[in-house]
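Just below is one structure, and these are the notes that go with it.
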Number of protein chains: 2
Amino acid sequence: MNRPIGVIDSGVGGLTVLHELNRQLPTEKFIYLGDTLRCPYGPKEEIDVQQYTWEMVHYLMKFEIKMLVIACNTATALVLEQLKDNLPIPVIGVIESGARAAIKATQTNQVGIIGTENTIQSEAYERALKRIKPHINTLGVACPNFVPMIENGDFVSLNAKRIVEGSLQFMNHHPRIDTLILGCTHYPIIQPLIEEVIGENVTVLSSAVETGFEVSTVLTFYELFNTNQQENQEPLIFTTGSLQVFQRLKEEIFQLKSATLKQVSLT
Amino acid sequence: MNRPIGVIDSGVGGLTVLHELNRQLPTEKFIYLGDTLRCPYGPKEEIDVQQYTWEMVHYLMKFEIKMLVIACNTATALVLEQLKDNLPIPVIGVIESGARAAIKATQTNQVGIIGTENTIQSEAYERALKRIKPHINTLGVACPNFVPMIENGDFVSLNAKRIVEGSLQFMNHHPRIDTLILGCTHYPIIQPLIEEVIGENVTVLSSAVETGFEVSTVLTFYELFNTNQQENQEPLIFTTGSLQVFQRLKEEIFQLKSATLKQVSLT
């Protein structure tokens with residue numbers, strides 16, 4: 001099944017997932033689309049996020065993708081079920097795998113979640129966690145400043161650290177939490193800052209690694225593995241907005257040097 | 001879907017998988033069957049392992065299981081495809097998840113595998129690893145003495161340590177390996193000994209934790225999660241042989257105190 005796998009996000013955040021997919025599944029071909037022009041999705045109306053997500057999906061379906069990975073927590077929270085019900089290919093979000101990773105990691109069953117306003121308000125993580133382990137306790141905190149900061153290329157400055165400290169203040173007053181889910185695929189880009197602020201007693205988890213594992217599992221179950229055994233396929237990266245931060249992240253952080261980067265229009 | 005999940009092994013080894021399943025999926029009901037009477041499967045003829053495995057499966061199908069977990073690497077290597085092709089329920093082995101765990105963990109792409117004679121000779125791990133990541137290098141070593149030793153309840157003695165040292169001697173002369181797969185579900189029971197012998201530069205992985213993750217993923221995809229939200233379901237543990245080592249392991253090591261343990265006959 002030598003067709004590509006589609007990966008979508010509101011912006012650059014999904015590159016954290018693409019990086020893991022590319023590492024764990026080197027014979028697969030990935031096509032990534034980040035809707036940087038309309039980012040952030042976190043504070044937008046649900047109906048707008050649905051429309052934008054469908055536009056991305058329609059764009060990628062032209063490439064005959066065999067599977068869709070929604071590498072965006074907001075779109076997973078608001079559109080996953082619709083996409084699963086209506087697309088003829090397997091669709092994988094990032095929330096289930098993040099929830100499963102937390103269940104594997106927590107010893108105290110006290111789990112924190114940080115994400116965009118939409119993701120936190122949707123309580124999608126709480127539902128995913130409690131469906132599997134009903135007596136788990138959760139604390140969700142929205143961090144609306146993180147995505148705009150990261151999309152602006154600010155990952156390490158003193159200003160970035162102050163924003164992280166301010167956003168996690170409430171979380172820090174709940175010392176019983178032993179596991180923190182980065183419920184937004186942008187956040188692993190500032191994971192060192194988050195870990196510094198939250199302290200060493202809390203395991204900080206992104207869903208990127210486990211989403212790679214989950215995509216691999218589903219490829220096996222649907223017998224969709226690429227039969228072309230050539231490794232290190234070059235990903236295609238599309239964005240609706242500026243190429244600048246993409247360029248920097250793909251080379252400096254994700255070693256995706258050979259990836260092709262291109263600006264596209266969805267409308 | 002409030003039906004149980006079946007778990008089979010040649011003996012007590014699969015308890016390492018049952019423990020993780022029970023921890024990660026506390027609302028699910030598990031029925032375990034260990035064929036201690038005919039253990040070990042590792043050195044047996046393929047046709048015998050197939051027959052024994054099918055006898056276990058027929059026994060568990062009477063309980064209307066909704067999913068089957070083959071918590072035995074030998075049976076996974078020799079019977080998984082047959083079971084997948086012929087059973088009306090999802091079937092999950094332990095080799096794919098062990099391979100995926102190694103791909104997540106390795107930095108050098110040099111992966112060692114230890115298992116029974118049958119598992120190593122089948123090269124099932126090599127195939128699973130190379131299908132996903134063709135340029136990975138593997139070294140498989142059969143450790144035929146481990147399973148009989150563990151089934152005899154010998155996990156920590158000086159004799160056990162000597163057996164582990166002797167079996168891993170060859171592996172130790174290949175210092176480039178950075179990841180070692182415990183390709184037999186019995187081996188996590190002696191994981192401290194194996195880690196001591198193999199040294200701190202090698203990450204030792206069992207597939208138990210990741211099999212739990214994989215079962216959780218498949219339950220989601222097939223919409224098979226238990227809708228009864230009662231946690232800490234009591235597992236049923238059946239064995240064809242002696243109850244003694246089961247009793248000791250379930251209480252001392254796996255905190256499955258409330259599990260019901262019973263001897264049964266398959267023939």
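Backbone N, Cα and C atoms are what each Cβ position is placed from, and that goes for glycine too.
Per TrEMBL, the features are as follows:
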- B:Asp9, B:Ser10, B:Tyr41, B:Gly42, B:Asn73, B:Thr74, B:Thr185, B:His186: substrate binding site (BINDING)
- B:Cys72: active site, proton donor/acceptor (ACT_SITE)
- B:Cys184: active site, proton donor/acceptor (ACT_SITE)
Cβ-centroid neighbours of substrate site B:Asp9, B:Ser10, B:Tyr41, B:Gly42, B:Asn73, B:Thr74, B:Thr185, B:His186, 8 Å, sequence order = B:Gly11, B:Gly13, B:Gly14, B:Cys39, B:Pro40, B:Cys72, B:Ala75, B:Thr116, B:Thr119, B:Val147, B:Cys184
Round to the nearest Å and give the CA-to-CA distance linking B:Tyr41 (substrate binding site) with B:Cys72 (active site, proton donor/acceptor).
-> 9
Substrate site residues B:Asp9, B:Ser10, B:Tyr41, B:Gly42, B:Asn73, B:Thr74, B:Thr185, B:His186: biggest Cα-Cα distance, Å?
-> 12
Within 10 Å of the Cβ of B:Tyr41 (substrate binding site), how many other Cβ atoms are there?
-> 28
When DSSP states are folded down to helix, strand and coil, where does B:Cys184 (active site, proton donor/acceptor) land?
-> coil
According to DSSP, which of helix, strand or coil covers B:Tyr41 (substrate binding site)?
-> coil
Count of other CB atoms lying within 10 Å of the CB belonging to B:Asn73 (substrate binding site) | 35
